[in-house]
Amino acid sequence: MAQALEIARWDLECEFNNTDHHTELNGVEQLIVRRGQPFTINLHLRSGEYQPGGSALDLTVETGPQPSDQYGTRASFGLIDQIDTSRWSAAVTSPPGYMVSLSICSPPDAPIGRWRLTLGQGGLVEFVLLYNPWCTGDVVYMDSEEKLTEYVLAQDGIIFRGSWKHLISTPWNFGQFEDGILEACLRILEMNPKCLHNPGKDASGRKNPIYVSRVLSAMVNCNDDKGVLLGRWTGDYDSGVSPLSWTGSVEILRNWDTNACQPVRFGQCWVFAAVACSVSRALGIPCRVVTNYNSAHDTNSNLVIERYVDDNGQLVQKSGDMIWNYHCWVENWMTRPDLKPGYDGWQAMDPTPQEKSEGVYCCGPIPLKAIKEGELTYKYDAPFVFAEVNADVHTFMKDKDGSTKKIISTVQVGLKISTKSVGSDRREDITHLYKYPEGSDEEREAFTKANHQNKLLQQQENAGLLIAIKVSAEMRKGCDFDVFAVVTNNTPNGKKCRLVFGSRAMSYNGILGENCGFKDLLNVELAPGEEKRVPLRMNYSKYAENLTEDNLIRLMALLLDYGTREAYLAVRNVVLENPEIKVRILGEPKENRKLVAEITLQNPLPVPLQNCCFTVEGSNLTGGQIITEKLNSTVEPGQDAKVKIYFTPTHSGQRKLVVDFDSNELCHVKGYRNVIIGK
């Protein structure tokens, strides 16, 4: 009979194991490993030597408060000759002696989270188990080292904002390996209502990234639970922080975790998405943030956005349907064994609270291919995501007598769907993953599958009158500039028209603010074939007081044909450019050596900047902290705001130093500098 090993002490070999499992950036103080991959524990025996075949060791692993063999949250096993990666197993890899190297492996479908390992009668070991996209047996497996580096290990990135005509790169510090962030992410799982209601079942469910993604979608917002972020789009942020102030996820997750899971104030779509990306990557699910321009919010699931304007071209809000200037969500990478073959890969998941799904504010995960093919019966929330990128837009003009008529408009949704490229800060256009080219046979087939007849029946209007909006080459905040309504008469007859050309400040989610400039021309005459350019001057003195933090202005040009009574509408959103932040690194970047960043911004406004403040953060650069530097003096027009900030890199490799500038007059200007750290 084999003799039970008597263990005096053990060594978890955290540095070796964590490095082997791509978790060393979490630190080496605790054991953090990935499922389906062996890890090593060294056992020091109290007495006797390990003898193959003559020594025994009983091991038990458990997770969750109600561990069960049936649900995969508990397993008991002994020593075998060779590791079996399909189940919990253990084997000795060292020669006979007083020290035993024990190799232990979990199955590739084990639930993630905190685990307890009992070593015979000798003691208790605690460790964290994560998804393993490096393991072929794991449903999150990704067959590309370059993509794994980008979508799991990268702690910084780019989120695209602005408008589809003027995309703006916003830097973000995901910081998923910073101190305390993994603990916060595990706490998110533990605080979700499904866990609080049935902790045993929830712990078992964590083997499935579909289940976990859905939990994260609900828990990143706080609408139904003790979630991380409270959303606000009204512009009143006195009781918290403006969403534009955030430059990373670290402070958000730490604030939530250290303040008894009280929601952090405030988030908007890119903040919700970025935090969800940080949590997904921390848990081992490959993830990326995507931006959809002209994103539809369909509230009644008819795949149609209906908009109403008055005879001045001003939007009249009659329905909850909206077109957001852009909207951000995330994609998580996994197979979908719950669906028929062919729907593996990227899955859209949206943590911004918009509509309820199964009674909870969450959305996804839904395969991108299901959206592209119009398969709207597939789990989860396919119709909502399909509408975001493919909804029809019907625009109606409401007359003073209350009657409405459809007007000709060329507004499209689902434009330039974007994400950061692998290995660079360039934009990758992924529109083709969500939809076929407009007008193609495949697109028509997808719409038929989606029972989306409106777009198929809608005839392309070959209007005799055309209206479009053109803009100046440069539209910088602080400058005056012109925009143009371009009217063309393609008919053989002369036309007499009314042209209403207006502009209003706008938030990125489509909410309109105050007037920034308006022109009403009652008698615009056009000869056959004639084109006219009608300018509208945008004066800083007029738009400055109305502009939101998003720097967006919506231009609307309405053309009324007196002869036919037809109306034509052109809409364009413009983004005013902020000044560039220049970052210069002084000295050679070396690991654990203090560096200086010289940061400069020139005041582009015709007024002085008051209460200027720079904030800087970067993963493995600023110690997980945000560094703040305030200027003691005002910055006059044309002068530079300049500071020097000191920081110490803790790891080698390329890191992103993320900068935010704020003043009373110039809010939340973002910049960054990639810093390559040598050893």
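Placed from the backbone N, Cα and C atoms, the Cβ positions cover glycine too.
What TrEMBL records for Cys269 (among others) is active site. All protein chains included, Cys269 (active site) registers 28 other Cβ atoms within 10 Å of its own Cβ.
The active site feature in TrEMBL is assigned to His327 (among others). Within 10 Å of the Cβ of His327 (active site) there are 27 other Cβ atoms, across all protein chains.
Positions annotated as active site by TrEMBL: Asp350 (among others). Counting only same-chain residues six or more apart in sequence, the Cβ atoms lying under 8 angstroms from the Cβ of Asp350 (active site) belong to Ser217, Phe272, Ala273, Trp329, Val330, Cys362, Cys363, Gly364, Asp381, Val385.
Packing around Asp392 (Ca(2+) binding site) is summarised by its Cβ count: 23 other Cβ atoms lie within 10 angstroms of its Cβ, all protein chains included. Per TrEMBL, the feature Ca(2+) binding site maps to Asn390, Asp392, Glu438, Glu443.
Residues or ranges marked as domain 'Transglutaminase-like' by TrEMBL: 261-353.
Every protein chain considered, the tally of other Cβ atoms within 10 Å of the Cβ of Glu443 (Ca(2+) binding site) stands at 18. Around the Cβ of Asn390 (Ca(2+) binding site), the number of neighbouring Cβ atoms within 10 Å comes to 25. Cβ neighbour count for Glu438 (Ca(2+) binding site): 9 (other Cβ atoms within 10 Å of its Cβ, all protein chains included). When the Cα atoms are compared, Cys269 (active site) and Glu438 (Ca(2+) binding site) turn out to be 27 Å apart. The domain 'Transglutaminase-like' (261-353) scores a mean pLDDT of 92 in the predicted structure.
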